[in-house]
């Protein structure tokens, strides 16, 4: 691949980078080099993801090379001064080496995005770069990765998580138990980048748990992909053992990062949750009293006592009483209280900083107990205990010494909880009563008149970012296609930012047509504000506008509404008036559904309709699935209509409190937005995201029509993406509808005449079309002549890998594309896929689809090879199968103690430390280094501390040789005890 020198770092890029891509990569490298943070905006379609991955991994690779040279230099320097040496000299030199090496660690990259489909897109981008052989792993949830049939039958993520924990704890999950012995299998450690689906397939083939196997890959990975919540939620970081020290954190698609940070620090609890928790505790107590617990859980000792349950029930009863005593002045909108009220509320039930850890531990144990019990009787599985655990964890997450900041950033909002079965006191008593009714304070005193919902809301996203920075990360890079304006974003997140960028678009001015349409064909004003949205004349004029545009725009037309109610209102009116039928005559209409299953089928039908000469219309809402994630490149989206500004609900309590928070904390120094500016920006960012569904690559073209007269206001224009503002000019005005129709028709006529048609591959399958890259310019990819039947073969091979949910991911990268980007000249036919894979690295053949055949062999040969690999290891071998035979032997080797003992630890200190670092986690290596330095000048107690760490880290059979190798570095008086303790393993 072409190499470019960017900011002093050689970067391999699939093609010669455009100026906007070079500018972007320079900013990234400056951040990594200097250990600073960056906020970088680059429009969708400019190659942002590709630039981000190539620049960051190029810098990592350069650092790895420098690190290796330093280690060799240090090793030579250390041994040049060694002679005989006094006893203990080895220990002193090892400690000295350890101290230096600890500061030399090469940073690793954590790439986080909002959804797994976005992560899959990034991983597919990585596959087509020169950095595809760098070690990578993706972290997913149990819901996505678990393959245990019993666990997968559970409903809801929480139940699956708890059932998984139970089976792991009780050692009844064979998939998890095989991970340790098979975690080094070539299929798992091979050079191929594996996304979620690949991990599941490997797990099923090896009969190991993909969830825990992926965690084993993290310590050695150069780049780890994960969703936001794994990174920003302290609970998730702890549960997944994610270490952030000296890491580079990349937050892609970060336009919603403020909301995500706020939501990760917010929590909700209901009166009904507390009542059900009391019910569940009482049930467990009755089981204990009756002796049934032995039958339910066998002879295993309980992790809690009846006294623990009694104390917990008393606390929950007091909490219920305290919640019942809250006075809600406004039954409709609720009542707001200061943050201190939450601590006072929990304090009345004796939940404090001093005991919260113990209570959370007890709640987690009760969840495990109920999961076992639920297998034998019809009871709840402890979901309310999980809710209470989350409440206590989040409320008490901040240390007591920062409470003044907590009080300024949080609010408590109490709402009336509606009864699911009816209204009134009697119905409420029925809902919370049952066999438990006589045991609750509510029933005994009649205090509980109205059930309530307690919201603990965070309005300061800086909390989440501050916790992230406190983990000693090297750099944090926030990036998206729609971050502007940058200053208020940086101010709200409260992070020091050294590098910032607002990139222009990669396309030419002639490829985009942007207009503000202030009136419809009937000269009715188009404005979707509160006063006008019910106006029948406005709704009719908007429909006429869409009809006229649909007559002109070829292929796909996207129409975004501010909300689902507004979408439904327009649809009903147009169906009644006949406008719906008129539009449908021009193009079939598809509506964005809310359910996942319907969404998938609707998208498939839309892409199928695009292949028709008439195209199709897709009507969706801003902030919906379509506006946030999907790629409508080329024919899929030739124009987008924005029907209005999607402002948040003005009277929503959370919106009101957010605006108040900004007004109360805004100063000239911190540059926070005013409440009204934030309100406007929230709407405009959603518009920017919707606009980003079209113009997805260098040779794409399309029209953007803003059908709301408010878009001409300076306050709205300034919040649009920079590249869109460039098309509107300094003083944008609403254009008359007639001239717009003529200009729009001429625009598409010119574009179709002058622009290159999309690659024919994009029209082969509607699902393949959506998976096309947004980054690679089509000019860099020559057309590939397809052999008869090749499309059917391709579709069959990739059918399970391409899904509508991942429609924003890139099109599968083919051998022809790789050869083109790498500078190879292709002949008339596309290269054989297996021959292509063999060229990636001739020395690597660790996964079955890396097996190569002669380029003359057809697809039938490929099928036969796969069948031989899986069912007949003794089948005759060709030259290309020798590697696979060696691979099968590796797979069948069992992990035995003798195999690890036969291996010896490196004699040289630097080599010893290098190998140790590669075998343990960063945290384990840090603990080892600290204990070793203390042992050097310490006492017998320091030896015991060192031994504890050594046995914890190096006692496993596969690494025990390193434990044995530590003997030479110990003091003579401790070697006998070391031998005895190691011998007992």
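In case you wondered, yes, glycine gets a Cβ from its N, Cα and C as well.
According to Swiss-Prot:
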- 42, 43, 44, 45, 46, 47, 48, 49: ATP binding site (BINDING)
- 146, 164, 173, 209: [4Fe-4S] cluster binding site (BINDING)
- 872-882: compositional bias 'Polar residues' (COMPBIAS)
- 7-303: domain 'Helicase ATP-binding' (DOMAIN)
- 874: phosphothreonine (MOD_RES)
- 863-883: region 'Disordered' (REGION)
- 252-255: motif 'DEAH box' (MOTIF)
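Sequence features annotated in Swiss-Prot and their locations in the structure.
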residue: 42; record: ATP binding site; DSSP (3 states): coil
residue: 48; record: ATP binding site; DSSP (3 states): helix
residue: 146; record: [4Fe-4S] cluster binding site; DSSP (3 states): coil
residue: 164; record: [4Fe-4S] cluster binding site; DSSP (3 states): helix
residue: 173; record: [4Fe-4S] cluster binding site; DSSP (3 states): coil
residue: 209; record: [4Fe-4S] cluster binding site; DSSP (3 states): coil
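When the neighbouring Cβ atoms lying within 10 Å are counted for each of the binding-site residues (43, 45, 47), the highest count belongs to 47. As a whole-number mean, the pLDDT of the motif 'DEAH box' (252-255) in this prediction is 90. Apart from 146, 164, 173, 209, the [4Fe-4S] cluster site neighbourhood in this chain, defined by C-beta within 8 angstroms of the site C-beta centre, holds 142, 147, 148, 151, 167, 168, 175, 176, 211, 212. On the backbone, the CA of residue 46 (ATP binding site) and the CA of residue 209 ([4Fe-4S] cluster binding site) stand 38 Å apart. With DSSP states grouped into helix (H, G, I), strand (E, B) and coil, the motif 'DEAH box' (252-255) comes out at 2 helix, 0 strand, 2 coil.
There are 27 other Cβ atoms within 10 Å of the Cβ belonging to residue 146 ([4Fe-4S] cluster binding site). Distance from the CA of residue 146 ([4Fe-4S] cluster binding site) to the CA of residue 49 (ATP binding site) is 29 Å.
Of the binding-site residues 164, 173, 209, 209 has the largest number of other Cβ atoms within 10 Å of its own Cβ. Around residue 42 (ATP binding site), the same-chain residues six or more apart in sequence whose CB sits under 8 Å from its CB are 20, 24, 48, 51, 479, 481, 501, 503, listed in sequence order.
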